[in-house]
Amino acid sequence: MKKLVLLRHGESVWNRENRFTGWTDVGLSEKGIEEAISAGRTLKEEGFVFDVAYTSVLKRAIKTLWLVLEEMDLMWIPEYRHWRLNERHYGALQGLNKAETAERHGMEQVMIWRRSYDIPPPPLTPDDQRFPGSDPRYASLLPEELPLTESLKDTVARFLPYWHETIAPAVKEGKRVLVTAHGNSLRALVKYLDLVSDSEIVNLNIPTGIPLVYELTDNMTPIRSYYLGDPDDVARASRMVADQIKK
């Protein structure tokens with residue numbers, strides 16, 4: 001049996017302010033720092049050890065990974081960062097308050113933008129300062145790889161090549177793998193692993209800072225998955241994610 005641990009970064013400053021974040025590189029809030037440290041402590045207490053870790057190129061995920069590994073005394077293990085693990089790009093919504101956007105466009109429309117599978121938010125224009133083409137961390141990307149907006153379907157298509165080429169082979173080799181990423185990049189992976197339908201994915205919310213453990217067969221079929229946390233706390237945190245468009 002193989003094990004894989006997924007972790008959404010701790011609460012970010014923009015999570016706290018209830019803004020659409022996407023590829024905007026914002027840091028962790030004080031609560032987010034505490035969540036990351038707590039996740040590391042829980043993983044250590046439950047006997048988890050990792051051989052390798054993967055994360056995005058956004059500092060809220062990187063910092064979460066560092067805090068987890070520091071708490072586990074595993075700062076020395078190899079860690080790899082890749083843009084394909086980034087959060088879904090929220091296009092022209094990035095930086096906007098979710099509840100205020102729902103008031104302006106209607107809760108149903110914003111829910112479609114946030115949680116539907118194949119409908120992206122309104123796109124940026126290439127001259128928008130939020131467009132990642134001017135960011136040096138993406139200088140090696142092809143023009144067609146730089147998003148103006150993304151649906152979850154787009155995020156799945158972006159994420160899965162790195163999963164198949166890099167992360168999944170490490171798990172198959174027997175390495176103990178930690179992936180610290182984002183709500184929607186992890187939703188993309190969970191959708192793939194659990195064969196979640198396009199219509200059901202709207203109901204899947206991943207809370208910040210709570211480790212999600214997958215037990216997998218040798219051919220990477222899930223046996224079961226579970227959060228390392230009190231079920232009531234996990235349910236409450238998931239509801240908070242779902243309710244972000246409400247005041």
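Cβ atoms are placed via backbone N, Cα and C, with glycine included.
Here's what Swiss-Prot has on this protein:
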ACT_SITE  His9  active site, tele-phosphohistidine intermediate
ACT_SITE  Glu87  active site, proton donor/acceptor
BINDING   8-15, 21-22, Arg60, 87-90, Lys98, 114-115, 183-184  substrate binding site
SITE      His182  site 'Transition state stabilizer'
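Neighbour counts were taken as the number of other C-beta atoms within 10 angstroms of each residue's C-beta; across the recorded positions Arg8, His9, Arg88, Lys98, the minimum falls on Lys98. Straight-line distance linking the Cα atoms of Glu87 (active site, proton donor/acceptor) and Gly22 (substrate binding site), rounded to a whole number, equals 5 Å. Spatially, by CA atoms, the binding-site residues Arg8, Gly22, Lys98 include one closest to His182 (site 'Transition state stabilizer'), and that is Arg8. Note: the Cα of Lys98 (substrate binding site) and the Cα of His9 (active site, tele-phosphohistidine intermediate) are spaced 19 Å from each other. Here His9 (active site, tele-phosphohistidine intermediate) is compared against the binding-site residues Gly22, Arg88, Gly183, and the shortest C-alpha distance is to Gly183. The local packing around Trp14 (substrate binding site), expressed as other Cβ atoms within 10 Å of its Cβ over all shown chains, amounts to 20. Taking Cβ-Cβ distances under 8 Å and a sequence gap of 6 or more within the same chain, the neighbours of Gly22 (substrate binding site) are Glu87, Arg88, His89, Tyr90, Gly91, Leu93, Gln94.
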